[in-house]
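These notes concern the structure reproduced below.
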């Protein structure tokens, strides 16, 4: 079987918001790829030895001084190159074509391009046919500048009414440019275009798949740690859970998982983690019940950022104490994933990205003197979930809504107290249970309950009560950068409210948060 890294695509990032999406689409096709800065050196490209190169989009203008350019070696490496949006423009300009600055006539949003010439990139692809019999493609545009003259050796492959060069190709050199974004779902045939590029034009094999990734990760863990022991902070979240399963498969009993119950988890979550990983999967777990330690440290603190720092510090202190008890451990495992290791760098434009050599997401002490094992550092979140399923983890755990690292510590507004956490846990469990029962859970991106430290008058039977208020929050979003509040049915919200107030002594009122992001954030703190 081929090594899963043998066939690969290099994506050069010029700062587009869609660049990581390109990488995810190539991975979904089954081909390994990496995302690098646009100003990468010739030596680095040669060492990586890609089967093809993609020049991604970006916010700069090719017509501006000091705007980013692809390394000249890209066009001399003898491999296919695909330029997307800005990538097409810089390809055209660098190879002798011309780009003009857009003046109020850019294309933003849906467009339909008409195919003008046959190309390997668009082979057997069409969404409709024009009156003249030419293929039409529904695409997503986002550009101001445009190519006004294509380089020598290129032909026009597609156009729109306002963009005469919506796609271009030099089939002999296997250079292609598209002014639209094939990586977004609005470009209906975008995935097939990227498949043509990666599989047919670059001739990559599609062996980047969950079973192969697991096999490769297990082999690399064994090679890295040998017979040494490894410790892992297991939270029950997606990343640490998948790391635990990979390490368990690779080294078995030489893995020790430290599970810290901070008293800020969801209802019965600690028991569920211990039962699944300890009883069901047979992992070696050290359970630390630290609820009182966290709550004592949080006492009297109401400021959100201060609460986060306290929770983080107490966790680090506890993990440090427990790890030192594992005297034979030589390695620390972490759930670092690929987006974690991409950070902005100070290039000429400030738009490049670099790969960190090390990303200690836990903020653990430097004097621990442990080697670092990061088996997920090549993977996007969706890939982590897929290999989690392959490893036997339950779907409902892997695809749960996001839960903040500080847990209920930032969903109890103001000072965190045990009473508040206990009430919030039960209210949140009712909300989530009802979402599942109504088949609404997977129709919203995130849903949770917030405890408000205010009392409100209520009526129960013949008596009045003066108890706490909770807010329900549900949002719909694609990327969590912006979000709309979810328009849940009124009868559903009424049912949730009635259950919370009737079943939980201590809550007298339930409200629903109808704030979008922006101006509000998704979490309240």
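Here the Cβ of each residue, glycine as well, is placed from N, Cα and C on the backbone.
Among the features that Swiss-Prot reports, domain 'Glutamine amidotransferase type-1' is placed at 8-207. Here Swiss-Prot flags 85 as active site, nucleophile, drawing on sequence analysis. Residues or ranges marked as active site by Swiss-Prot on the basis of sequence analysis: 181, 183. The domain 'GMPS ATP-PPase' annotation in Swiss-Prot covers 208-400. Taken from Swiss-Prot, the feature ATP binding site applies to 235, 236, 237, 238, 239, 240, 241, supported by sequence analysis.
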Chain-internal residues near residue 238 (ATP binding site), provided their CB is under 8 angstroms and they sit 6+ positions away: 381, 384, 385, 388, 397, 398, 400
Please work out the number of neighbouring Cβ atoms within 10 Å of the Cβ of residue 181 (active site), leaving out its own Cβ. 23
List, in sequence order, those recorded positions among 181, 236, 237, 240 whose Cα sits within 10 Å of the Cα of the residue listed as 'active site, nucleophile'. 181
Taking the mean position of the Cβ atoms of 235, 236, 237, 238, 239, 240, 241 as the ATP site, which residues outside that list, in the same chain, have a Cβ no more than 8 Å away, listed in sequence order? 234, 242, 243, 244, 335
Measure from the Cβ of residue 236 (ATP binding site) and count the other Cβ atoms within 10 Å, all protein chains considered. 21
Take the domain 'Glutamine amidotransferase type-1' (8-207) and average the pLDDT across it for me. 92
Between residue 241 (ATP binding site) and residue 181 (active site), what is the CA-CA distance rounded to a whole number of Å? 34
What does the structure give for the C-alpha distance between residue 239 (ATP binding site) and residue 183 (active site)? Integer Å is fine. 25
Could you work out which of the recorded positions (183, 239) has its C-beta surrounded by the smallest number of other C-beta atoms within 10 A? 239
One should report the C-alpha separation between residue 240 (ATP binding site) and residue 183 (active site), rounded to whole angstrom, as 29
For residue 183 (active site), the one of 235, 236, 237 that lies nearest, given that the binding-site residues are compared by Cα: 237
Whole-number Å only: compute the distance from the Cα of residue 236 (ATP binding site) to the Cα of residue 181 (active site). 37
DSSP three-state assignment (helix, strand or coil) for residue 235 (ATP binding site): coil
Residue pair residue 235 (ATP binding site), residue 181 (active site) - Cα distance, angstrom, rounded: 37
Neighbour count, 10 Å Cβ-Cβ cut-off, for the residue listed as 'active site, nucleophile': what number do you get? 25
Among 240, 241, which are binding-site residues, the residue with the most C-beta atoms within 10 angstroms of its C-beta: 241
